[in-house]
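Contents: one structure, followed by commentary.
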Amino acid sequence: MDERLVSGSALGGEAAFEPTLRPQYLHEYIGQDKVKENLQVFIEAAKLREETLDHVLLYGPPGLGKTTLAAIIANEMGVKMRATSGPALERPGDLAALLTSLEPGDVLFIDEIHRLPRTVEEVLYPAMEDYCLDITVGKGPEARSLRLDLPPFTLVGATTRAGALSAPLRDRFGVISRLEYYQVDQLAQIIERAAAILHIIINNEAALELARRARGTPRIANRLLRRVRDFAQVRGDGEITLPLAVEALERLQVDRLGLDHIDHKLLLAIIEKFAGGPVGLETMAAVIGEEAQTIEEVYEPYLLQIGLLQRTPRGRVATPAAYAHLGMEVPKR
């Protein structure tokens, strides 16, 4: 799968760049108002009681700010954050080393927590519940169990697939919050904030145009801003105006709904080769040359969300809105 400009996941090089644009405190964080307001209450209450914050699970599509919120929680609590990911914790010893290095009150952030191996996850249960670590020393008949006390800490887990979490792990989180896609006006604010940090001149009309094509996702909005800046510096006078933004986005093959060439390829395959559907997932994967899992987990969610695609018991169907967006007539059935 090629790296897509409109992918919600971080692309190569962005992990080092994104921290410069991230807000540090809740009052700087744009959008997700309900989540933000609730977190503010929970954080203030924990500080008043001089306790650690309950464990927090953040879930939702990629690129919406889960990692940013984890860092904000640590900043608001006045503690350090240690960050890792589910796939990085391959053995129980990997997690044990992290847990024993924490200081009282620290935030441990585990991204992609649904990908924790089961053996590692089981070590996490007593750590979350009782702030202790059960380890086995020795092998065979001489093996014995030791219990190590851990400092109180807050686990912040992030996942794009909350349903993939086991019930025992999910039940140990005191705070569970879903992050939603952003509104266009919120994304425009995020773009204007990033532009100010990066010393980019952009007018409000251009910011709104980028926001409309950012698929409700701040990471994509910031990525489009940086790419359009290149066009402004080379093809213009450095300022991002509406005409320049439109031209740059068209050259980048990001249309007015935020669809790229792969989205178009998928919709056109359903319409032109299967008369609009229904078509099975495996068949569609073979036709466009992608894995079925990639289509289902990466390409389809946004098309479903904006009403261009439907999943039916018989397969995928292109909606009348998809025909209209592509400038095609809906066939009479």
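Including glycine, each Cβ sits where the backbone N, Cα and C put it.
Residues Leu21, Arg22, Gly63, Lys66, Thr67, Thr68, Glu129, Asp130, Tyr131, Tyr182, Arg219 are given by Swiss-Prot as ATP binders; from Arg172, Arg227, Arg229, that same site also lists Arg172. Confidence over the region 'Small ATPAse domain (RuvB-S)' (183-253), given as mean pLDDT on the 0 to 100 scale, stands at 93.
The DSSP secondary structure for Arg316 (DNA binding site) is strand. Residue counts for the region 'Small ATPAse domain (RuvB-S)' (183-253) under DSSP, split into helix (H, G, I), strand (E, B) and coil, are 51 helix, 4 strand, 16 coil. When every Cα pair among Leu21, Arg22, Gly63, Lys66, Thr67, Thr68, Glu129, Asp130, Tyr131, Arg172, Tyr182, Arg219 is compared, the largest distance found for this ATP site is 37 Å.
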